[in-house]
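A.B. asks: Supplied in C-alpha cells, the structure appears directly below.
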Amino acid sequence: MECCSLLRTLVHRYCAGEEDWVDSRTVYVGHREPPPGTEAYIPQRYPDNRIVSSKYTFWNFIPKNLFEQFRRIANFYFLIIFLVQLIIDTPTSPVTSGLPLFFVIMVTAIKQGYEDWLRHKADNAMNQCPVHCVQHGRLVRKQSRKLRVGDIVLVKEDETFPCDLIFLSSSRADGTCHVTTASLDGESSHKTHYAVQDTKGFHSEEDIDSLHATIECEQPQPDLYKFVGRINVYNDQNDPVVRSMNTFLIVYLCILISKALVNTVLKYVWQSTPFQDEPWYNRKTEAERQRNLLLRAFTDFLAFMVLFNYIIPVSMYVTVEMQKLLGSYFIAWDGEMLDEGLGEGPLVNTSDLNEELGQVEYVFTDKTGTLTENNMEFKECCVEGRVCVPHAVCNGQALPDASAMDMVDASPGASGREREELFFRALCLCHTIQVKDDDEVDGPQKPRDSGKRSAYISSSPDEVALVEGIQRFGFTYLRLKDNYMELLNRDSDVERFELLEVLSFDSVRRRMSVIVKSATGEIYLFCKGADSSIFPRVIEGKVDQIRSRVERNAVEGLRTLCVAYKRLVPEEYEGICKLLQAAKVALQDRDKKLAEAYEQIETDLVLLGATAVEDRLQEKAADTIEALQKAGIKVWVLTGDKMETAAATCYACKLFRRNTQLLEVTTKRLEEQSLHDVLFELSKTVLRCSTSLTRDNFSGLSADMQDYGLIIDGASLSLIMKPREDGSSSNYRELFLDICRNCSAVLCCRMAPLQKAQIVKLIKFSKERPITLAIGDGANDVSMILEAHVGIGVIGREGRQAARNSDYAIPKFKHLKKMLLVHGHFYYIRISELVQYFFYKNICFIFPQFLYQFFCGFSQQTLYDTAYLTLYNISFTSLPILLYSLMEQHVAMDTLKRDPALYRDIAKNALLRWRAFIYWTLLGLFDALVFFFGAYFMFENTTVTSNGQVFGNWTFGTLVFTVMVFTVTLKLALDTHYWTWINHFVIWGSLLFYVVFSLLWGGVVWPFLSYQRMYYVFIQMLSSGPAWLAIILLVTVSLLPDVLKKVLCRQLWPSAIERVQTSRFVSGPPLGSHPLASL
C-alpha cells in the first residue's frame, strides 16, 4: 500500500503537477522565495514550454507506425497470408506476399516518417527560438523550450511572445505597450496593455532583478479574455473515397474467400473418385494419408487463400498515399493562386484531403477579413440629424473644403454647433488609440500642415478609420501624454483633456466609454457603441432621425456606431470612482462586478450622432460565391457582425439576390412569437415548393422558382441547440435543418466562435452526412475550421493562426473557386479512376488463376511465374496509373472555371458508387475470361513451333499474362484525355519494360537461382506466329466492350462532362494537349 501511495504521489507530482490539487496558483517572480514571515514557500511543478505537434518520437516510431499500418484491413490481411505461407506448405513462395507487403510498409513508413520529421523540424525551430531572460541582474539568452514558470522575459519591439506573460514594465514612461493578438484570436489590430502599477518603474535589468514579488492567480481556464490574479510586491525585503475503398475491399475479400472455398470443395469432390487424389507421379506419403480430413481441408483452404490473395490490391494504398503527397505539390505550385501583394501562394498542410475538395456540399465562411478586406474606410457621420461626409462632390470633382451635406437642418443654431463640436471631440477622445512616436513633437501644438501624419495604433481598425476620418472635419487626435489626451481643433488650437477612466469595450455591452476632464474643469462621459446598446440608454437627442440614418447605412453594408455623452458633476464622479475601484480590486467575480458598474454608469445619455465605416469586399468575392452556388454548393456566412450589416454584405457578394425571400429567426422576432411557432411557420413556407428544390436541380439561382435565404442570430441558435428539460435532444434541430436544406443560402450573425463550430457540426452530422468546408482568416475561426471535413485558412490581416490550423491555406477568398472547381474536381476524378482501376486490373490478374484450377486438378498450381506474381502490381502496372492520377485533365481548366455546373457530375461520390464498381468488376471478369479461354481454345490442339512442339503450362501462363499486361495498360491509355510526353514515356515505357524484363528473365541463366522454369519460355512464345496473332486479337477483343460502351453512352446518354469533351474534340484540343483518346 505504501508503494502504491508513493507511486501515485510521484505520478501526480511529475506528470500532472500540483496545480491540479488547489484552486489557485502561486508564481514566484524570478524564482525568488518570499521573505520570511510573509507566506509559506510551496514550490510547484509546471509543464515545460515545449511545443509538440509531431506524432512520433525516435523510440516509438517503428512500433507505433507498424501498429497504425496493420490496423488497415489490407495490410493485416497480407500479414496473415505471409505468416500462413511461412507456417504451411503453399504453392507460392512467401516472398510473393512478403515482398509487396514489405514494400508497401516501407514506402508508407518513409512517407509518414518524412512528414513527421518536418513537424519535428518545425517544432524544433519554434522551441529553439532565442529568448532573453533576466537572471542575476543581467540579460541571459536561452531557448524557448527552456523557459520555466516564473522566469522574467524581455520582449523587444516586433518580437513574438514565447509564452503567456504578465506585463511588469515597459520602456515607455507611461508603462504601456501595444500588442497584437493575431496568433490567438485573429485580431491584427493593436491592443494597449498597461503594466502593473507597482512594477512599471523597473526599467533596467538591475531593477528587475531586485523585484521581490509573488503572483496569486487562478488555474488555467479556456476563456482567452479573462484572467484574475493579484501581485504581492515585497519591498526590500493548446473519407467518402476511403469509405468506398474499404467497402470495395470487403467485397473483394468475400470474393476471395468464396473462390478459396469453392476450390477447396471442388478439390475434394474431384478426389472422391478412386485414385484421383494420388496420380502416379505424385504419390502420397503414409503420414499424409493418416492426416485428419478436416485438417487437410483447412490447410488446402488456406493454400487457396494464398494463391488468390493477389485479388486484394495491397499496392493500391501506397499508390494512393503517393498520389496524395505528390498531388499536394501541384496545388502548392499553382501560379494562378499566387498573390503578388503577399508574395505567397497556397499552402498544403494536409495531403490526405485532396479528393474531398471535389465532394464539398457546404461552405461555411467568415465575413470580416474573408469576404471583406478588413480595411476600414470612413464614409460619413450623422450629427444632430445632419449628414456629414469628408468631401462633397461637384461636377465630378472633390471639394476638399466642403465638409457637410445637409439632411435636415442646413443652419444649426448655437446649441447645434456646440453639439457638433462635442460629437467630433467625443470621437477624438473615446477610443484606445495610441500614437506611434516616430518623431517627438515639441511645443504646445502640432502643425496641421507639417506634412507628417500620425501613425495610429489601435485594437480596432474601426477606431483608426474614425479618428482618421474626423481629421477631415478639422479635429486631429495628437497623443496621450502623462494621462492627458491632446487634440487639435478647427482653430489649430491644442485642447488637453485629462483621462480619468476607461470603460473598456466588451462583446456583451457592445460599447465603450471614457471619462475625461476638460481644461475648464468640466467632466464628460463619452460613450460609443452599437445602436442596439446606445439607443435604450438615451434620454435626449434626435433619436428618430439618427436611427433612420443608421438603418439606411446598415442596409447599404456599412458598419455603424452611435455616439452619446453626459456631463458629470464632481460628486457624481466621486461615486463612480468608488464603484469602479471596488469592482477592480475584487478577486471573485471581478468581471461581473465591473459589468454591473458599467451598467450603472452608462445611463441617462444624450445622443450626439452616428458614424458609418465601410469594409470593402475582397476582389472577385461575389464571382466566387456565384460560381460555388452554380456548382450546387450551399454557402453559409457565419459572422459576429450585426444582422443589417451582414445582410448587406451578403447582397453585395451575391449570396442573396434581389428576388431572394429572406426568412428570419432572430431575437427580435422571437420577442413576438415563440420559437416553435416561428420554425413551423418557416417550415410550411419553404416546404411548399420542396419538390422542385431538390439537390440535383437547385442552385439558388433560378428565376422561375422561389429562392429562399435564412438569417439566424446567435441567441436564436442557442435556443435551437438547447436540449429539452427532460434531457432529450431537441427536435428543433431537425426542423431547423429541414428549413436550411430548402434555402439557397444561410446567414448566421452575432455568432461566437464556438457557435460557428456548432453550426458546422450540426450540418456535418446530419442524416445526409455531407462534406463540409470551413474558411476563415482569424484565430476566432479556428474552431469551425477544425470541425469541418476540410478547413481552409485565408492568409490575411488577422495573423496566421487560421492558416496554421487549416488543411489548406490560400491568399485570397477568390482562390477558393479554383481550389474546389478545378483542383477538387481533378483530384476526385483521378482518385476514383485509380481505385476502380486497381480493382479492375487485379481481378483481371487473379481470375484466370481461379479458372486454371479447373484444369490442374485443383492442385494449387500457379498459372504465372513467381517473378510475374511479384512484379505485376509493383512494376508492370504501377507507374501508368500513378502518373494518370497526378496529371489527368479530362476537361480543360478554363472550362471547369467557366462552367461550375460540371462540379455537380461528381457530387455525392458519383464515380465510386455501386453502379460504377459493378461495371469495372464485370469488365475485369470479361477480360479475364477472354485472356484465359481465348488462349486456351486457340492453342488447345495446335502445334505452334517449327519443330512441332506445343505450348507448355508456363508458356500458356506467360501468354495469358502478356495479353493481360497489354490490355490493362491500353485500357488506361483509352481513358487518358490529357497527353504529354510524360504519359507517352510511362505508358509505352511500362510495356517495353515488361518485354525487356521477360526477355532477360528467361533468356539469361541466373546463377543465384536454384532452378529456372521460365528459361527460354518467353523467347519461344514470341517465335511463334500464332502467339503474336493471339496477343493482338485477344487484346482487341478485351478492349472492344469498353470502347462500345463509351461510344453508345456518349451518343445516347451523354453527361455534362462528356458533352464538353465532345465539343472540345470537335473544335480542336487546347494548346499543349493531345487528346489521342477521345473516348
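Counting begins at 1 with the first residue displayed.
Backbone N, Cα and C define each Cβ position, glycine as well.
TrEMBL does not curate its annotations; it predicts them automatically.
Residues or ranges marked as domain 'P-type ATPase N-terminal' in TrEMBL: 43-97. The transmembrane segment annotation in TrEMBL covers 70-88, 249-270, 301-320, 867-887, 917-939, 951-973, 985-1009, 1015-1040. Look at TrEMBL and you will find 128-190 tagged as domain 'P-type ATPase A'. As annotated by TrEMBL, ATP binding site applies to ASP366, LYS367, THR368, GLU463, PHE505, LYS528, ARG559, THR639, GLY640, ASP641, ARG750, LYS756, ASN780, ASP781. The active site, 4-aspartylphosphate intermediate annotation in TrEMBL covers ASP366. Feature annotation from TrEMBL assigns Mg(2+) binding site to ASP366, THR368, ASP777, ASP781. Positions annotated as domain 'P-type ATPase C-terminal' by TrEMBL: 803-1055.
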A.B. asks: Are there 3 or more C-beta pairs under 8 Å linking the transmembrane segment (985-1009) with the transmembrane segment (917-939), counting only pairs at least 6 apart in sequence?
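C.D. replies: Touching, no - the transmembrane segment (917-939) and the transmembrane segment (985-1009) miss the threshold of 3 or more Cβ pairs under 8 Å.
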A.B. asks: Counting only residues 6+ away in sequence within the same chain, which have a CB under 8 Å from the CB of ASP366 (ATP binding site)?
C.D. replies: VAL637, LEU638, THR639, LYS756, ILE775, GLY776, ASP777, GLY778, ASN780, ASP781
A.B. asks: CB neighbours of ASP781 (Mg(2+) binding site) within 10 A?
C.D. replies: 33
A.B. asks: At a Cβ cut-off of 8 Å, and with pairs 6 or more apart in sequence only, do we get at least 3 pairs between the transmembrane segment (301-320) and the transmembrane segment (70-88), yes or no?
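C.D. replies: Counting Cβ pairs under 8 Å, at least 3, so yes.
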A.B. asks: What are the non-local neighbours of THR368 (ATP binding site), defined as same-chain residues 6+ apart in sequence with CB under 8 A from its CB?
C.D. replies: ASN374, ASP615, THR639, GLY640, ASP641
A.B. asks: Across all the protein chains here, work out how many other Cβ atoms are within 10 Å of the Cβ of ARG559 (ATP binding site).
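C.D. replies: Its Cβ has 25 other Cβ atoms within 10 Å.
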A.B. asks: Can you check how the pLDDT averages out over the domain 'P-type ATPase A' (128-190)?
C.D. replies: 80
A.B. asks: Per DSSP, how many helix, strand and coil residues does the domain 'P-type ATPase A' (128-190) have?
C.D. replies: 7 helix, 24 strand, 32 coil
A.B. asks: Restricting to CB pairs under 8 Å, which listed stretch, 249-270, 867-887, 951-973, 985-1009, is in contact most with the transmembrane segment (1015-1040)?
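C.D. replies: So the stretch in question is 951-973.
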A.B. asks: Is the transmembrane segment (985-1009) in contact with the transmembrane segment (951-973), using at least 3 Cβ pairs under 8 Å (sequence separation of 6 or more) as the test?
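C.D. replies: With 3 or more qualifying Cβ pairs, these stretches touch.
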A.B. asks: For the domain 'P-type ATPase N-terminal' (43-97), give the DSSP counts of helix residues, strand residues and coil residues.
C.D. replies: 28 helix, 0 strand, 27 coil
A.B. asks: What are the sequence-distant neighbours of ARG750 (ATP binding site), meaning same chain, six or more residues apart, C-beta distance under 8 angstroms?
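C.D. replies: Sequence-distant Cβ neighbours: GLY640, ASP641, LYS642, MET643, ASP713, GLY714, ALA715.
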A.B. asks: Are there residues of the same chain, six or more positions away from PHE505 (ATP binding site), whose CB falls under 8 angstroms from its CB, and which are they?
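C.D. replies: The list for PHE505 (ATP binding site) reads THR432, SER460, ARG511, MET512, GLY529, given in order along the sequence.
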